[in-house]
Amino acid sequence: MSDYPPPNYPPPNHPQYQQQQDETYHVRPDMERQQDFGYYEKPTPSQNFDDSFKVEKPKFNDWPFAIFFWLVVAGFIAVAGITLNALRSTYGFQGGSIYGSGNTFTLNTNTIILFAFIIVMAFILSAAIIVFARLAPKAFIVTGVILNVVLGIGTAIFYFVEKYYSAAIVFLIFALFGAWCYWSSRHRIPLSATILTIVIDVMKMYPSTLIASFIGLIFSAAFSALFSIVIVATYVKYDPNSNNEACSVGGGSCSKGKLIGVLVFVFFAGYYISEVIRNVIHVVIAGIYGTWYYLANSDQGAPKHPALSSLKRALTYCFGSITFGSLIVSLIQLLRQFISILRSNFAADGNGWGVCGMIILDFFVGFIDWLVRYLNKYAYCYVALYGKSYIKSAKDTFDLIRFKGMDALINDMFINTALNLYSLFVAYLVALLAYLYLKFTKPEYNSGGAFYAPVIAFAFLIAGQINRISLTVIESGTATFFVALAKDPEIFQMTNRNRFDDIFRNYPQVLEKITSDH
């Protein structure tokens with residue numbers, strides 16, 4: 001650090017960045033021209049994480065949402081107990097393998113085995129993607145885009161040949177959109193590769209990032225397995241078919257209304273719990289990256305065990321904030337599921353105008369879903385580093401978007417688009433596996449093809465969710481790095497001069513810093 005002199009800040013009203021003879025560009029500290037010179041959230045060097053990232057007046061933020069979450073978990077466990085008991089009691093009727101089920105009217109053990117294949121395949125592909133990203137960051141971005149375009153078009157062609165036109169059109173749209181993203185953003189890939197390389201280097205320095213991601217992947221896969229079985233068991237327990245033996249098992253009688261009501265709750269709880277798992281991992285990894293950015297090169301050194309300290313904060317003071325933001329996303333996901341069901345019903349009735357209306361509505365709700373997820377990603381970085389409530393973190397995020405919005409969006413377009421495309425890649429393969437499985441095993445409940453759409457859609461959803469959680473380590477590292485770079489770029493300039501210069505060449509706005517605090 002002695003080789004790099006500290007930044008010599010320009011006067012507050014100086015309109016240009018100053019450049020000395022050593023070609024060092026200095027950071028403007030007063031981007032917003034505010035008068036609150038008392039601002040300083042910068043962590044202080046210490047061997048203790050809580051002392052470095054100090055929380056003033058520690059308290060359990062947003063605790064009512066944490067209580068609500070645990071009530072949802074309790075409800076899910078209760079439903080799981082009732083439905084799994086019905087599945088166990090009628091196990092011989094459902095069948096114990098791929099073939100030989102007496103249940104010919106709804107999902108059975110044939111589907112459970114399919115979901116097991118789906119989860120294992122998604123798990124293996126997710127682990128392989130993390131290894132690839134660590135070994136070749138630039139190739140990770142380029143290959144991710146190209147591979148998804150090729151696979152998407154190939155899958156669409158396959159479905160066209162099979163005359164499964166609805167799936168073919170959906171996959172073709174995804175493929176064409178991926179091609180457009182690559183073509184329009186190819187000149188920005190060097191900046192993305194630089195940032196991704198930095199994130200991967202930190203992964204190498206802190207193996208706890210990978211350990212946290214792997215543990216999250218295990219938890220997500222385990223919950224996905226339980227979620228999948230509970231969905232099947234719910235159909236088994238509450239389907240009102242006269243041949244359903246599970247109706248006589250404890251837990252209430254069968255009816256269409258009960259089936260729909262329980263499924264709505266199960267899907268909501270599944271979305272909610274999955275989101276909380278994902279965001280807890282995000283907060284833990286954000287704490288590790290924050291430790292590296294601010295304290296790795298300090299005289300005192302970085303705090304010990306940042307992952308455990310971040311996990312402790314995520315599950316105590318910050319847990320209510322995590323469940324708050326996750327609830328918003330889960331409700332939006334549930335609304336999108338309702339829209340999808342209505343669209344399917346309109347299509348079955350031949351109501352073209354209804355289908356068009358639902359497609360338009362789904363587009364707007366999908367945009368809101370993307371926007372909330374986008375804001376949550378950065379808000380949770382503030383939650384992780386400063387222990388703030390969800391609302392205060394959201395306000396800080398709005399300031400970040402207000403002054404760095406386009407920069408953050410561009411940053412996300414290149415790295416996170418690649419991550420999302422890898423998630424789509426996994427989902428493509430798993431959805432194709434689900435289709436082929438149903439086609440070749442020919443379960444009786446799908447003799448008319450009525451279960452192709454829901455099973456394939458669920459396979460696509462669950463595989464994408466597992467993969468997104470596994471890639472949280474990269475997404476969280478990128479978001480945390482951008483937040484820290486926006487608030488304190490001079491630290492990175494002093495401690496990582498060459499990397500900072502690489503970023504500056506592609507992103508001169510890095511010299512502007514945000515000084516607001518809520």
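Cβ coordinates come from backbone N, Cα and C, glycine included.
Quick caveat, the model's predicted, so the values are computed rather than measured.
Copied from Swiss-Prot, the annotated features are:
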type	residues	note
TOPO_DOM	1-63	topological domain 'Cytoplasmic'
REGION	1-24	region 'Disordered'
COMPBIAS	1-14	compositional bias 'Pro residues'
TRANSMEM	64-84	transmembrane segment
TOPO_DOM	85-111	topological domain 'Extracellular'
TRANSMEM	112-132	transmembrane segment
TOPO_DOM	133-139	topological domain 'Cytoplasmic'
TRANSMEM	140-160	transmembrane segment
TRANSMEM	164-184	transmembrane segment
TOPO_DOM	185-210	topological domain 'Cytoplasmic'
TRANSMEM	211-231	transmembrane segment
TOPO_DOM	232-256	topological domain 'Extracellular'
TRANSMEM	257-277	transmembrane segment
TOPO_DOM	278-314	topological domain 'Cytoplasmic'
TRANSMEM	315-335	transmembrane segment
TOPO_DOM	336-351	topological domain 'Extracellular'
TRANSMEM	352-372	transmembrane segment
TOPO_DOM	373-417	topological domain 'Cytoplasmic'
TRANSMEM	418-438	transmembrane segment
TOPO_DOM	439-445	topological domain 'Extracellular'
TRANSMEM	446-466	transmembrane segment
TOPO_DOM	467-518	topological domain 'Cytoplasmic'
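Of the two recorded stretches, the transmembrane segment (418-438) lies close to the transmembrane segment (164-184), with three or more CB pairs under 8 Å once pairs fewer than 6 apart in sequence are set aside. Counted over residue pairs separated by six or more positions, the transmembrane segment (112-132) shares fewer than 3 Cβ pairs under 8 angstroms with the transmembrane segment (257-277), which leaves the two as not touching. Mean pLDDT, taken over the topological domain 'Extracellular' (439-445), works out to 72 on the 0 to 100 scale. When DSSP labels each residue, the topological domain 'Extracellular' (336-351) comes out as 13 helix, 0 strand, 3 coil, counted as helix, strand and coil in that order. Counted with DSSP, the topological domain 'Cytoplasmic' (467-518) comes out as 41 helix, 1 strand, 10 coil.
Remote same-chain partners of the transmembrane segment (211-231), defined as residues 6 or more beyond its termini with a Cβ less than 8 Å from a stretch Cβ, comprise 76, 79-80, 83-84, 87, 107, 112, 115-116, 118-119, 122-123, 126-127, 130, 263, 266-267, 270, 273-274, 277-278, 280-281, 284-285, 288, 307, 311, 458, 462, 465-466, 469-473.
Helix, strand and coil content of the topological domain 'Cytoplasmic' (278-314), in residues and according to DSSP, is 27 helix, 0 strand, 10 coil. For the topological domain 'Cytoplasmic' (133-139), residue counts in helix, strand and coil come to 6 helix, 0 strand, 1 coil, using DSSP.
Counting residue by residue with DSSP, the topological domain 'Cytoplasmic' (185-210) contains 24 helix, 0 strand, 2 coil. Here the topological domain 'Cytoplasmic' (133-139) has Cβ contacts under 8 Å with residues 189, 193, 196-197, 199-200, 203-204, 210, 471, 474 of the same chain, all six or more residues outside its ends.
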